[in-house]
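Annotation comment: TrEMBL describes K8, F9, G10, G11, T224, D225, Y230, R235, K260, V261 as ATP binding site. The feature substrate binding site is assigned by TrEMBL to T45, E119. Per TrEMBL, domain 'ACT' is recorded for 316-391.
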Amino acid sequence: MSTLSVAKFGGTSVANHSAMSACANIVTADPNTRVVVLSASAGITNLLVALANGKDAEERAKLIAEVRQIEEAILAELKDDSEVRTKIEEILKHIESLADAASVAASPALTDELICQGEMMSTLLFVQVLKELGAKAVWVDVRTIVATNSHFGKAAPDDEQTQKNSDALLKPILAQDNDTMIITQGFIGRDPQGKTTTLGRGGSDYSAALLAEVLNAKDVLIWTDVAGIYTTDPRIVPAAQRIDTMSFAEAAEMATFGAKVLHPATLLPAVRSNIPVFVGSSKAPQDGGTWVTKDPQPRPTFRAIALRRDQTLVTLSSLSMLHAQGFLANVFNILAKHKISVDTITTSEVSVALTLDKTGSASSGAEMLSPELLAELREVSSVKVDTGLSLVALVGNDLHITAGIAKQIFDTLEAYNVRMISYGASTNNICMLVQSEQADDVVRALHLNLFE
Ligand code: ADP
Ligand code: ASP
Ligand code: MG
């Protein structure tokens, strides 16, 4: 039986020196935690994304100054910053020249090379924080481990190659003694040509689960700024309750539908290899958290409410759809060609409405509906695009066979303009598309009626 835990700390957990010290205390207190995956310090990735999108010289200088300020504040708190300061300075210079290049010609590959620098810096600083606490830590460039395809901004891991890399490079470090910790980056990988890739925003959770899988770890510990997974985002509903144990399927559903606390892909390796996932707060580890496992009981009808903002509703209508074959196939072929994954869908005789999810898109946050895609869709149908929408998902168990659910939901939502409902296709969720400005109220109303 493996005793190894892989711990992951998100952006707010490594935002500054005192937050990093709290993380260092958590990992040094647990001898099983030998691999630590970090995000960039809070705010850094957003700044780097802005730089990657191409800015004028003045704006670039301002953004880089903000990046520098966050890193500098951590450097300033170290007892001995000499070695790591040189490395951070080098990275800041590199960021500057990449940002210059992006202002001339931005590209997805350049974006990934730029935004990976945030994780590079946080991990270098964290190694020094650990060393100053007397812990043994080695820094590993995760790009030598996590192999991916070349889909910049949302790369897919190559599991076999990642396994080989881990066997060759990580396992020997773990085998050399029983107290050296490996500190490495979440979110990033490397394609077969040696170019940096990223797994999509929030992807560090996914990285941690991938590494846990190739290292045959006993669990993945996701340390964040909330003490577990709640019945809904506690920022929206302060009365939300912590869920102590939940199933992989339930957590995957919540993550897919926007519960930001876990990246949607995190559960893939966990399910595949049956690795329990813990979610807890790095600021309050004593508060415990949520354990996500294969088959915990009970499984309540209503589990949680997830919210995903920034949804786009595309309505395609074509009279030729009436009694015709192949229309949907055509539409899906076009979407697949543009690497767009459809989220929810409803159809009528002459139209089909689908929602697209911007939040699940590439690291750069680029628009999904490109002019080329719209032009191709317009060749087969009329196209209407609505934005400013949010998807509210009620996640639970056996929702399709539980009597009275539709009534309960519709009664609660009477006062709101619901644009689309998807109910019946999945036993585990009911999705409602609402105006973004009403989304928080819809979540609060549903939570009050179904959970409180
Ligand atoms: P990290 O930087 O550690 O990865 P994130 O900001 O990505 O942290 O995720 C944590 C946030 O997820 C919380 O602060 C919370 O606002 C949000 N969140 C959304 N839904 C939930 C939920 N159901 N339970 C807990 N947190 C949630
Ligand atoms: N730093 C990346 C982001 O902000 C990855 C992560 O935090 O998980 O999206
Ligand atoms: Mg996150």
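Glycine is treated like the rest: Cβ placed from N, Cα and C.
Among the binding-site residues K8, G10, T45, E119, T224, the residues whose Cβ sits under 6 Å from any atom of ligand 1 are G10, T224. DSSP assigns G10 (ATP binding site) to coil in the three-state reduction, outside any helix or strand. The binding-site residues shown are G10, T224, Y230, K260; of these, the one with its CA atom nearest the CA of T45 (substrate binding site) is G10. Distance between Cα atoms for T224 (ATP binding site) and E119 (substrate binding site): 16 Å, as a whole number. T45 are the binding-site residues among K8, T45, T224, K260 whose C-beta comes within less than 6 Å of an atom of ligand 2, given in sequence order.
When the binding-site residues G10, T45, E119, Y230 are checked against ligand 3, G10 have a Cβ within less than 6 Å of one of its atoms. Helix, strand and coil content of the domain 'ACT' (316-391), in residues and according to DSSP, is 24 helix, 25 strand, 27 coil. The 10 Å shell around the Cβ of T45 (substrate binding site) contains 23 further Cβ atoms across the protein chains shown.
Taking only the Cα positions, the spacing between G10 (ATP binding site) and E119 (substrate binding site) is 10 angstrom. Taken as a whole, the domain 'ACT' (316-391) shows an average pLDDT of 82 in this prediction.
Residue environment of E119 (substrate binding site) contains 30 other Cβ atoms, counted within 10 Å of its Cβ in all protein chains.
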